[in-house]
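So that you can see what the record holds, here are the features copied from TrEMBL:
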REGION    32-52  region 'Disordered'
COMPBIAS  33-50  compositional bias 'Gly residues'
TRANSMEM  80-100  transmembrane segment
TRANSMEM  116-134  transmembrane segment
DOMAIN    208-329  domain 'Palmitoyltransferase DHHC'
TRANSMEM  253-271  transmembrane segment
TRANSMEM  291-313  transmembrane segment
Amino acid sequence: MQNILQVLLGVKQQTQVQTSSYLNLRTTRGEQCGSGSGSGGGGGGGGSSVRGGREARRMRLSWTMAPSGSRSIKTGCQRVLYWIPVLFIALIVAWSYYAYVLQLCIVSIEDTGEKVIYLLVYHVIFIMFVWAYWQTIFTRPMNPLKEWTCLEHLALILTTALRLCRFHLSYSDKELLEREDRGESQQEILRRIAKDLPIYTRTNSGAIRFCDRCQLLKPDRCHHCSVCDKCILKMDHHCPWVNNCVGFSNYKFFMLFLAYSLLYCLFITATDLQYFIKFWMNSLPDTQAKFHILFLFFSASMFSVSLASLFTYHCWLVCKNRSTLEAVRSPVFRHGIDKNGFSLGCSKNFRQVFGDELKYWPIPVFSGLFDSSKALVTCNFKSRVKDKQVKDFRLCLKNHNLGDGCSFPACLVNLDPEQPSSPPGSNPASK
């Protein structure tokens with residue numbers, strides 16, 4: 001274990017040195033381009049556009065590396081504002097707890113047995129709801145790693161970290177890409193780099209999906225979030241109500257959050273209904289509790305309707321193995337657009353999010369990645385494969401998980417004829 005830590009620390013230091021050298025190189029080249037454009041005066045349109053692009057990249061780099069005081073204040077204010085929806089939900093939940101437990105159960109309900117049952121069931125649902133909401137908010141979304149920073153969880157994330165780091169460009173690749181001015185030449189470089197990676201999706205024009213902001217080749221189903229300012233693995237959407245990106249690492253928590261919040265609202269609505277009717281019949285004592293009962297019923301009912309529609313929609317997405325982004329715009333493979341490109345059937349699609357072990361499905365703990373005692377194997381087979389490949393594919397799905405965040409099994413339909421076959425456990429090459 002100590003040897004592994006020493007190796008990782010060495011790689012981390014080397015990555016930092018290479019990144020620093022690359023940033024200095026880009027800044028120096030930008031200054032040279034800026035001085036050249038100032039003295040050249042009458043250059044051609046193509047040359048000026050190239051110099052302008054490099055100058056823009058240099059200015060963006062300096063903006064990122066050395067933020068001004070006004071930019072820091074603006075960023076801080078934005079971060080505070082992003083927490084307002086979360087604070088709003090927290091206040092509503094806190095009031096609902098006060099209104100239900102104190103005003104309804106303790107003050108208004110006279111039957112002791114009914115009161116105890118309501119309180120026990122309510123607190124079980126409440127704890128699971130808050131737990132799932134907490135996990136959705138504070139679970140950091142996974143992104144293609146550039147270096148290792150979480151050595152205390154090394155035994156669990158080592159395999160994933162080694163895979164994710166490959167999507168970032170090396171120092172030499174960045175330098176080579178920086179020299180090229182033509183888009184076709186840059187695409188050739190990116191295709192050469194991507195040939196050893198499990199990347200099968202493309203842009204609408206058929207190009208390699210590359211994030212200029214993060215300087216990485218985007219894994220399948222990975223998208224850049226403008227709010228988080230980083231690429232998120234299997235990004236579904238950025239949710240303002242949790243102030244976090246919903247993606248590969250917390251999608252199960254988000255689904256459980258929707259399920260338990262819906263159950264929470266339905267339980268309050270059902271148990272508060274008879275006392276809501278008594279309120280309209282003037283059968284309740286004339287205390288402040290009756291107003292809490294009234295607003296509790298209305299708020300729980302309204303939230304139930306919205307949560308039911310949202311939860312139903314995401315259940316449909318899970319059964320189809322699509323993210324919200326993929327439902328809006330279907331993924332593009334080399335053979336063309338395929339809205340069902342990642343669907344493996346309802347059962348396998350569900351297990352890809354919730355994991356293979358049924359006992360962990362209702363609990364807000366991560367169960368969709370891999371066990372540290374298992375090897376992490378990625379399946380990347382397209383359709384119209386031979387019988388042996390189908391058997392290998394199904395065997396791999398049976399013995400291992402259905403996706404590791406940076407790559408996912410493809411469905412057995414709409415085959416890419418150019419995709420070479422490979423045995424389970426190895427990554428087929430993309431041409």
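Heads up, the Cβ atoms here are built off N, Cα and C, so glycines get one too.
Just so you know, TrEMBL annotations never went through curation; they're auto-generated.
Just so it is clear, the model here is predicted, and its values are computed rather than measured.
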Taking DSSP H, G, I as helix and E, B as strand, the domain 'Palmitoyltransferase DHHC' (208-329) contains 67 helix, 16 strand, 39 coil
For the domain 'Palmitoyltransferase DHHC' (208-329), provide the mean pLDDT of the predicted model.
93
For the transmembrane segment (253-271), distant same-chain residues with Cβ under 8 A (at least six beyond the ends):
96, 100, 104, 118, 121-122, 125-126, 128-129, 132-133, 135-136, 139, 236, 239, 242, 246, 296-297, 300-301, 303-304, 307-308, 310-311, 314-315, 318, 353-354, 362, 364, 366
Where else in the chain does the transmembrane segment (80-100) make close Cβ contacts, counting only residues six or more beyond its ends and a cut-off under 8 Å?
122, 126, 129-130, 133, 137, 227, 240-243, 268, 272, 292-293, 295-296, 299-300
